[in-house]
Ligand SMILES: [Zn+2]
Ligand SMILES: [Zn+2]
Ligand SMILES: [Zn+2]
């Protein structure tokens, strides 16, 4: 009955409501662990790098894209060419005077998803690993 009520509102209501419903459905298929977002290429170069285009409020943590002011945001490793080492200033002070120009990684995603580190080591949990996004390898195919 609830569904029937919603769909009658959907057809009778504004186009805004219909658009939000469609976007929400698309988002549900677009979690960070969805197959298209699980490739090495996406994880290393796009995950939390590409700006999110969703125009409705949603859970940033499970969204694979970057959001304004999000701490998990990564700089593009191709255009910023930072190395895989953690920034000593961020470790010491929590911030870095070099900002985006710094040649060290600034958060756990920049550190673990760096092309020189991502899935180059074995996951300690192996086949029992339940992480949605694991930075380590579980099989020879995953090992880079
Ligand atoms: Zn998002
Ligand atoms: Zn830094
Ligand atoms: Zn794992």
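Keep in mind that glycine also has a Cβ here, set from the backbone N, Cα and C atoms.
Automatic prediction, not curation, is the source of TrEMBL annotations.
Under the heading compositional bias 'Polar residues', TrEMBL lists 1-12. Among the features that TrEMBL reports, domain 'C3H1-type' is placed at 81-109. Summarising the annotation, TrEMBL assigns region 'Disordered' to 1-21. The annotation zinc finger is assigned in TrEMBL to 81-109.
Remote same-chain residues near the domain 'C3H1-type' (81-109) are listed as 47-48, 71-75, 116-117 (criterion: CB distance under 8 Å, separation of at least six residues from the stretch ends).
Look at the domain 'C3H1-type' (81-109): DSSP puts its residues at 11 helix, 2 strand, 16 coil. Predicted-model confidence for the domain 'C3H1-type' (81-109) is 96, expressed as mean pLDDT.
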